[in-house]
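Read the structure below first, then the notes.
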Amino acid sequence: MRTAYSVETVRAAERELMARLPEGALMQRAAAGLAVACGELLGRVYGTRVVLLVGSGDNGGDALYAGARLARRGAGVAVVLLSPERAHQGGLAALRAAGGRVSGDALRDIACADLVVDGIVGIGGRGGLRPEAAQLARAARESALVLAVDLPSGVDADSGEVRGEAVRADATVTFGAYKPGLLVDPARERAGALRLVDIGLTLPEEADVEALQHADVADLLPRPTAESDKYRRGVVGVVAGSARYPGAAVLAVAGALRGGAGAVRYVGPAADKVLAHFPETLVHPGPPDKAGRVQSWVIGPGIGDESDALAEVLAADVPVLVDADGLRFLTPRQVRERTAETLLTPHAGEAAALLGRGRDEVEAARMESVRELAAQYAATVLLKGSTTLVAGADGPVRVNPTGTSWLATAGSGDVLSGVTGSLLAAGLTARDAGSVGAYLHGLAARRAAGPGGAPILASEVADHLGAAWRNVTD
Ligand SMILES: NC(=O)C1=CN([C@@H]2O[C@H](COP(=O)(O)OP(=O)(O)OC[C@H]3O[C@@H](n4cnc5c(N)ncnc54)[C@H](OP(=O)(O)O)[C@@H]3O)[C@@H](O)[C@H]2O)[C@@H](O)CC1
Ligand SMILES: [K+]
């Protein structure tokens, strides 16, 4: 599991450790790790040109000490001081002693640099870059590799929000723990390749944000045993599609058949189309409460105005996943009254409608939005997007690390609903089903898109779910 911790938690852990170590020891650890990462990014150190952008805090201190190490190994190091009178004095002295110099012409030095190190601001930052820093960051981006110290300056460490301009880095070296913003867009996209330098912090067991990795997913995936039959493995009921949108039914069933449940029961008007594609489906014209037993329901993709079916499904005492059209008729009260789990899977536009705000506001503040929805509905919420998030009423927010922008294609959400609902039927909690479903779905899309990337169909994502599953468990 990759974990991330809020600034408050990281600061508390730092204080606790600093009290036990000689002054400056933590910064030296950070700087040593940073210098190694700079060397690796450059390929060689001797004879290279490095520019440090240094702000008024300890983030700049890290950059200065790392710069001193690089200068001692033969790099030409120039520092641009954004706030000369407040720069870290010890770091500046160390850089000078190692042969580094203060830049007299920032833009010219940046134009000749091989590497620009962004030590403008770290976890003490507020808001986007100030104008002078923004200009330097743009220049750096145009002419050199950019490595961010702890965080790309200008991004919010806790939420991943970018309010104004921010550095766009090729790589980010972060200290002690990943910060939530490094895993969540829009900030994640500014961070480039991530590297964690261990500085010896002791962190709480429960993280603020976590991202499943292959091994975590392999542990969570349902596995049939010798005693399993199709009913014991779970039956997922799918209420999807309509005369107008029969394809949504086919795609949701395509996902559900590959999500680990023993059987898929389709309920709705597109049974013929579903059977034509997947003869293994059990079908029923409805209503859902007459369709037979299921261990979970998926409702919503392409159902149009079928609000009666929604009320019936929500009245069932099994986990329910509500997606797409199903979200249009949902009230917080209906969900809060349920005893079994509910998983809502909106994209940003649907989340915005549920929250009564603009889509852009949700995109800009994804973490806050998903947490707020989960609290309002007392449900688990999977917010789809470039970094899909899964949040419950409490506990860490899960970030999906396997997403790809090729997934932004019609019908891919229907496939996700199906596979995730199937995992619910197989007995996973809503948090696990949501995060495992998103993980497999993302991997399947990457496989469908191929190594170089290419447009994909939602049905191809479904076709690759089996390969994604094997990829995780092999
Ligand atoms: N603690 C430790 O043990 C360790 C800490 N470590 C390192 O320290 C970093 C945290 O250092 P920090 O607390 O000094 O804050 P930091 O982020 O450098 O800057 C804050 C200053 O920036 C300014 N400022 C604010 N917003 C701004 C903006 N948008 N644009 C421009 N400037 C802005 C603001 O000053 P202002 O101008 O507002 O008065 C404020 O004073 C951390 O990220 C890690 O790298 C490592 O060495 C490991 C050990
Ligand atoms: K930084």
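Using the three backbone atoms N, Cα and C, a Cβ is placed for every residue, glycine included.
According to TrEMBL, the feature (6S)-NADPHX binding site maps to 58-62, 122-128, D150, A248, G302, H347, D414. Taken from TrEMBL, the feature K(+) binding site covers N59, D118, S153. Residues or ranges marked as AMP binding site in TrEMBL: K384, G385, S386, T387, T388, G413. TrEMBL lists 10-207 with the feature domain 'YjeF N-terminal'. Residues or ranges marked as domain 'YjeF C-terminal' in TrEMBL: 213-472.
A coil conformation is recorded for D150 ((6S)-NADPHX binding site) in the three-state DSSP classification, outside any helix or strand. Confidence annotation: the domain 'YjeF N-terminal' (10-207) carries a mean pLDDT of 97 in the model. In terms of Cα distance, the binding-site residues that sit within 10 Å of H347 ((6S)-NADPHX binding site) are K384, T388, G413, chosen from D118, S153, K384, T388, G413. In this structure, none of the binding-site residues from D118, K384, S386, T388 has a C-beta falling under 6 Å of any atom of ligand 1. Geometry remark: K384 (AMP binding site) versus S153 (K(+) binding site), CA distance 26 Å. In this structure, the binding-site residues that sit close to ligand 2, with a C-beta under 6 angstroms from any of its atoms, are N59, D118, chosen from N59, D118, K384, G385, G413.
With the fewest other Cβ atoms inside 10 Å of its Cβ, the least crowded of the binding-site residues D58, D150 in this structure is D58. Looking only at other Cβ atoms within 10 Å, the busiest spot among the binding-site residues H347, K384 turns out to be K384.
Remark: N59 (K(+) binding site) has G119, I120, V121, G122, I123, G124, G125, V149, D150, S153 as non-local neighbours, by Cβ distance under 8 Å and separation of at least 6 in sequence. Apart from the site residues K384, G385, S386, T387, T388, G413, the chain places the Cβ of H347, A348, L383, L389, N400, G403, L407, A438 no farther than 8 Å from the centroid of the site's Cβ atoms, the recorded AMP location. Taking every protein chain shown into account, D118, R126, S153, G385, G413 are the binding-site residues, and of these the Cβ with the most other Cβ atoms within 10 Å belongs to D118. Scoring each of the binding-site residues (S386, T387, T388) by how many neighbouring Cβ atoms lie within 10 Å, the top position goes to T388.
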